[in-house]
Each structure stands twice: as structure tokens, then as C-alpha cells.
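**Q** Dropping the structure in here first, questions after.
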Amino acid sequence: MPIFKCPQKSEPLWKEWDQKAQKNGLRHQVFAVNGDHYVGEWKDNVKHGKGTQVWKKNGAIYEGDWKSGKRDGYGTLSLPDQETGKYKRAYSGWWKGDKKCGYGIQFFGPKEYYEGDWCGNQRSGWGRMYYSNGDIYEGQWRNDKPEGEGMLRLKNGNRYEGNWQRGVKNGSGRFFHLDHGQLFEGFWVDDVAKCGTMIDFGRDEAPQPTQFPIPEVKILDPDGVLEEALAMFKKTKEEGD
């Protein structure tokens, strides 16, 4: 008696190819049609886990964490130097949704860099900025500019401590003229001191002290005069806004 066997069902060839094309786990190297290439881990056909991406257009290299196809977690971005061709670190820190977010260090030049908080690719929160001219700003940031309480220490040792808005001195603050041994305390509007008081401060230790000390203020109520002037400037500023 003949024995009949059911023929085995085979999947279409296109489906087999599609399964082989699905990317999961570690892949040695995957090239995109635009020339970019990626080496690292995948999940459900997208970059996920540890990996390195190289962009052909600008030569940038990112090494670090990925999540759902985007830079997410800790990673380092490097860019080629236009003159030497050697790679230089541009940013090391945390990412979220393909943008700098959390603590990180951004290098703007050989002697200029920022270390601190980021949000949506912008400096936001607390941070310290080292400028190429030797100045250092340390304090609060918002929308990629100093905003809130902060201190700017100049190369010569003089410093400003006080309020900032839109990247410049705005509001109450103190400026220490340590080279001349004086301290100015007052109110700033758009980086210009509008009113305040100047006193001697560390004049004996100053490298270039003023010729004569500042005489004692004879106003009966200097604090009251300053408060009145501040109120006037604040009112004028509010009306202008």
C-alpha cells in the first residue's frame, strides 16, 4: 500500500531574504545609501545599545549609547580638524533623543570649553565656561546663555558676582576691581552699571591701587538713596519692556 506524505510548506524566497535583512544584536558594519556607516548593536532593525556611527558628509564620529535609533545615554562626538585631518573631541556627555541632555563637556577650541548641564542641545542649568581669552564664567544658564546667578572672573583677576539675563549683566551685582583695590556694588542694565556705590576693598594688597583712597560717604542715608535709584531704574525698564 503506497504511503502518501504531505509536502513540506516552504516560505516564499522574499520572506527568507527579509528575515535575513532584519537587524538584531551585534552587526560588524552596516552602510547606508548616503555613505554613512554604523558598527554596533541593533534591536528591531534600529540602532539600540552600544555602537559607533560615522557620517560621510562631515566626517563626524559618535561612539556611545543608542536607543530606538537615536543617540541616547552616554557618548562622545568627535570631528576632524580641517587643517590636520586628525580627530578632535567635540562633546563628551549625556544624550537624550539625539540631543545633548544632562551633564557634558563641549569643546569649542583648544582653550575654550564648557562643562555643565545641557537640555535640548543648549547649555541650560549650572555650568562653567572657559573662554579663549582667559575669562571664566560659572553659574546658571538658559537658552545657551548665562541667565540667573553667576560669576564672571576676568583674566586679570577682577570679577563680577550677580544677576544675568540673556548673556549679559542685568540686575543687582558686585564688581571687584582687585587690580585697583575697589568694589562697586549696584544695579546693571544690559551690561551697563546704572547706579551703585564704590568703596575701597583690599586696596593695600592691590597691584595698581588708586592714587587716593575713596573718602567716607557723607550722605545721611546712602542705602535709602541707592534703593530709590534702583526702584526708578526697575520701573523705567518695566515700562520699556
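Note: Cβ is positioned from N, Cα and C throughout, glycine not excepted.
Pulled from Swiss-Prot, these are the listed features:
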REGION    6-35  region 'Interaction with MDM2'
REGION    76-100  region 'Interaction with SIRT1'
REGION    206-240  region 'Interaction with TP53'
REPEAT    38-60  repeat 'MORN 1'
REPEAT    62-84  repeat 'MORN 2'
REPEAT    91-113  repeat 'MORN 3'
REPEAT    114-136  repeat 'MORN 4'
REPEAT    137-159  repeat 'MORN 5'
REPEAT    160-182  repeat 'MORN 6'
REPEAT    184-205  repeat 'MORN 7'
**Q** Restricting to the same chain and to residues at least six past its boundaries, which positions have a Cβ under 8 Å from a Cβ of the repeat 'MORN 3' (91-113)?
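**A** For the repeat 'MORN 3' (91-113), the nonlocal Cβ contacts are 64-65, 70-77, 119-123, 129-132.
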**Q** Work out, from DSSP, the number of helix, strand and coil residues along the repeat 'MORN 7' (184-205).
**A** 3 helix, 15 strand, 4 coil
**Q** Give the residue counts of the repeat 'MORN 1' (38-60) per reduced DSSP state, in the order helix, strand, coil.
**A** 0 helix, 15 strand, 8 coil
